[in-house]
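K.L.:
This structure is in structure tokens; I'll ask about it shortly.
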Amino acid sequence: MSITLHTAEDIEKMRIAGRLGSEVLDYITPFVKAGVTTGELDRLCHDYMVNVQGTIPATLNYTPPGHVPYPASICTSVNHQVCHGVPGTRVLKNGDIINIDITVIKDGYHGDNSRMFIIGDASVLAKRLCNITYECMWLGIQQVKPDATLGDIGHAIQKHAEGAGFSIVEEYCGHGIGRRFHEEPQVVHYGRPGTGVRLKPGMIFTIEPMINAGRRHVKPPLSSDGWTVVTKDHSLSAQWEHTILVTDSGYEVLTLSAGSPQPPAFIRA
């Protein structure tokens, strides 16, 4: 397993790509409301990326082994959809929750992040799931420092999610990122402290827990589009994502911008 240790030049390029990826989510936020289709959100983001930022939508026509080309510039996963939801004619309605996942390419480098959005008055369960998932992501981020392990990250996420009565999706995980969209290491969101790859300065990877309100099990991608993953028991699912750099003393979140949600209070303290 070869894990890239990024140079100072790489890191500066990744800072730019990460900020731009986050700014797409800033841009789309006021449009995410009841009555809009996921396809319209995709069109708006595509136009902003290509014509305003001058970035390339990394997901558009992305074709990993065993998959059909991904047909859109963003992923929109609604309610029981776990990840890789394909935008289309679905109309968002009051009470929905939606994850919007954005990856841009700028000067050959990838900036990958996602946020949850709550449409109108969602249920107490939906709001709690979104909040706990956000806390899980940040608890994972908080573990990042030289000589920590990937198991430390996964354990922190798993402990908080399961302590809240939720479950961790195990089939999909975070990943190394840089000039390539997906590379080593795989960053699973469960595990035991002190196990797995030891972190070194210069590593860059995503932390993106997918957490279900019900059981952890998911169905294979829908045959209708070849991509959308859903919970097996039809329970709600939530996800948040940041791209993280391991620094000499800890971590740096690369996917931050003016509109990024504040970290939880326990992180800011």
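All positions are counted from 1 along the displayed chain.
Heads up, the Cβ atoms here are built off N, Cα and C, so glycines get one too.
In TrEMBL, annotation is done automatically, which means it is predicted and not curated.
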K.L.:
Check TrEMBL: it lists Asp112, Glu241 as binding divalent metal cation 1. Then name which of Asp96, Asp101, Asp121, Asp225 it lists for that same site.
P.N.:
Asp101
K.L.:
From the candidates His80, His155, His175, give the one listed by TrEMBL for the same divalent metal cation 2 site as Asp112, Glu208, Glu241.
P.N.:
His175
K.L.:
Quick one: pull the CA-CA distance for Asp112 (divalent metal cation 1 binding site) versus Glu208 (divalent metal cation 2 binding site), whole Å only.
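P.N.:
Glu208 (divalent metal cation 2 binding site) has its Cα 10 Å from the Cα of Asp112 (divalent metal cation 1 binding site).
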K.L.:
Out of His84, His175, His182, which of the binding-site residues has the smallest number of neighbouring Cβ atoms within 10 Å?
P.N.:
His182
K.L.:
Using a Cβ-Cβ cut-off under 8 angstroms and a sequence gap of six or more, which residues of the chain neighbour Glu241 (divalent metal cation 1 binding site)?
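P.N.:
Counting only residues 6 or more apart in sequence, the Cβ neighbours of Glu241 (divalent metal cation 1 binding site) under 8 Å are Asp101, Asp112, Asn113, Ser114, Arg115, Met137, Gly174, Thr206, Ile207, Glu208, Thr255.
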